[in-house]
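Remarks on the structure that follows.
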Amino acid sequence: MKRRTVFLIFCVGLSIANDKTGSQSEYEAGNALFVNRQYTDALTHYHKAIELDPTNYQAIFRRATTYFTFGRTKPGLVDLDTVLEQKPDFAGARNQRANVLIKMGRLEDALADLRYLNSGSSASDEIQEKLESIEQLKNEKQILSQVPLGENCDVVEEMTTKLLESQPWDSSLYIQRAKCHQAENRLKTAIHDLKHASKLSSDNTEFLYEMSVMEYQVGDVRDSLSTIRECLKINPDHKTCYASYKSLRKIVKSLDLMKNSMEEQKWVDCLERGEKLLKSNVDDIAVKVNVYRLTCQCNREEGNIGEAIQQCNQVLEFDDSDVETLIQRAEAYMADEEYDLATTDYEKAMEFDSSNEAAKTGKDQAKRAKELVGKRDYYKILGVRRNANKREITKAYRKKAQKWHPDNFQDEKEKKKAEKKFIDIAAAKEVLSDDEKRRAFDNGQDPLDSENGRNGHGGGGGFHDFQGFNPFGRGGGGGSRSNFFFHF
């Protein structure tokens with residue numbers, strides 16, 4: 001019996017020794033990866049090292065450092081606490097914890113660590129300077145705490161901005177600055193600060209609700225819904241957040257249905273859904289703005305240019321930095337041949353988003369369109385947008401060609417007029433359906449100018465001399481209606 005007990009003790013000791021050896025190997029592997037900035041892989045090895053030997057304080061310390069590299073403050077701080085429980089005189093861990101606590105705004109806790117260091121062998125001028133610096137920070141925060149929320153905002157903004165340089169992980173500073181932004185109706189700036197605060201203090205349902213309200217007030221209903229969801233993740237029984245969630249979800253669902261109609265190019269359906277949503281939220285500015293952002297485009301696509309511009313105007317009165325709406329209004333101006341106004345909107349969109357390709361392209365097109373005033377504009381002839389695709393061009397062409405086919409007219413004067421329009425329609429289709437010719441036209445050149453008779457500007461030619469061209473694919477360019485075949 002005695003021998004067996006000794007054997008078991010030996011086996012346990014051997015197992016512990018093996019674990020410690022394995023832990024050290026994992027720790028060293030993690031260090032090699034950390035040096036090469038392969039932090040994710042390093043973290044995996046530190047996890048294994050600590051699992052094999054929970055007393056390996058060096059591995060725990062290194063894991064804490066890796067957590068901080070990822071910006072994961074809480075687990076990093078827990079690891080440092082564990083290290084200092086095991087080895088209170090580990091100066092590196094205590095100094096690092098003090099630095100983290102300062103960044104979090106926990107100045108009293110940081111002072112405790114630094115005083116511990118200053119009283120032992122780690123005392124230095126650097127530690128003394130930190131102690132003095134923290135005392136100064138404490139005084140400044142004390143002054144700031146005496147300022148009522150939302151008041152003396154110039155002073156508060158200056159002080160919080162300065163304090164955040166040394167305490168970037170202190171959510172209370174972001175919240176106090178956000179209150180001032182809110183008081184001065186700078187809601188987007190306030191939201192920006194509250195988002196920082198929410199990342200640092202993820203269990204505060206009250207300011208999550210407040211942030212959701214502000215997001216709604218600036219018209220960001222999707223962001224508002226997302227923030228309310230975060231509130232409910234923390235507390236599913238939060239009555240105020242749940243009530244807002246139900247309302248927001250219904251609005252966002254209706255807006256999604258409008259977007260679905262737009263993706264399917266069902267413009268009338270989009271407008272009808274928008275009208276229905278507005279009727280159920282008559283006095284809600286946020287709903288109106290979100291609906292008009294969509295119906296602005298739907299009306300333009302449907303050819304209701306005046307209404308499109310009016311709705312874009314209302315959105316931009318609410319938020320003049322809305323880049324997408326500026327571009328939509330510019331396109332409506334283009335359709336209305338208001339090229340200078342379109343250019344102004346494209347330029348303003350680029351001021352807010354210099355990398356926006358749609359604004360850059362639109363500005364160039366507006367410039368070229370203005371140069372074409374008085375000349376043939378093939379887009380205008382077919383009544384399509386300048387970014388219309390080939391399917392839209394073909395559809396518009398067929399509709400126009402059917403309307404202006406010369407055989408539809410008996411009066412000779414009207415027939416001559418129709419012939420000219422028919423030739424222009426066919427020319428527009430030829431240019432806009434050909435990538436190379438369309439590119440030349442978009443660059444300010446008419447690719448048919450050099451083709452005699454093609455555009456009615458050169459050598460004779462009328463409808464029957466249009467090189468036998470049949471825009472519908474069969475039959476001759478002239479002849480009677482009975483010899484002409486339509487394909488729609």
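Including glycine, each Cβ sits where the backbone N, Cα and C put it.
Unlike curated records, TrEMBL annotations are generated automatically.
The coiled coil annotation in TrEMBL covers 120-147. Outside the coiled coil (120-147), and at least 6 residues removed from its termini, the chain residues within Cβ reach (under 8 Å) are 89, 91, 94-95, 98, 102, 105, 107-108, 110-111, 114, 155-156, 159-160, 162-163, 166-167, 176.
The domain 'J' feature in TrEMBL is assigned to 377-445. Here the domain 'J' (377-445) is broken down by DSSP into helix, strand and coil counts: 52 helix, 0 strand, 17 coil.
Among the features that TrEMBL reports, region 'Disordered' is placed at 436-472.
Taking DSSP states H, G and I as helix and E and B as strand, the repeat 'TPR' (23-56) has 27 helix, 0 strand, 7 coil. Annotation source TrEMBL lists repeat 'TPR' at 23-56 (among others).
Summarising the annotation, TrEMBL assigns repeat 'TPR' to 323-356 (among others). Across the repeat 'TPR' (323-356), the DSSP tally of helix, strand and coil residues reads 27 helix, 0 strand, 7 coil.
According to TrEMBL, the signal peptide annotation covers 1-23.
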Q. How does the model score the domain 'J' (377-445) in terms of mean pLDDT?
A. 87
Q: Grab the same-chain neighbours of the repeat 'TPR' (323-356) for me: Cβ-Cβ under 8 Å, and only residues 6 or more beyond its ends, written as numbers and ranges.
A: 293, 296-297, 300, 305, 308-309, 312-313, 315-316, 362-363, 365-367, 369-370, 373, 380, 385-386
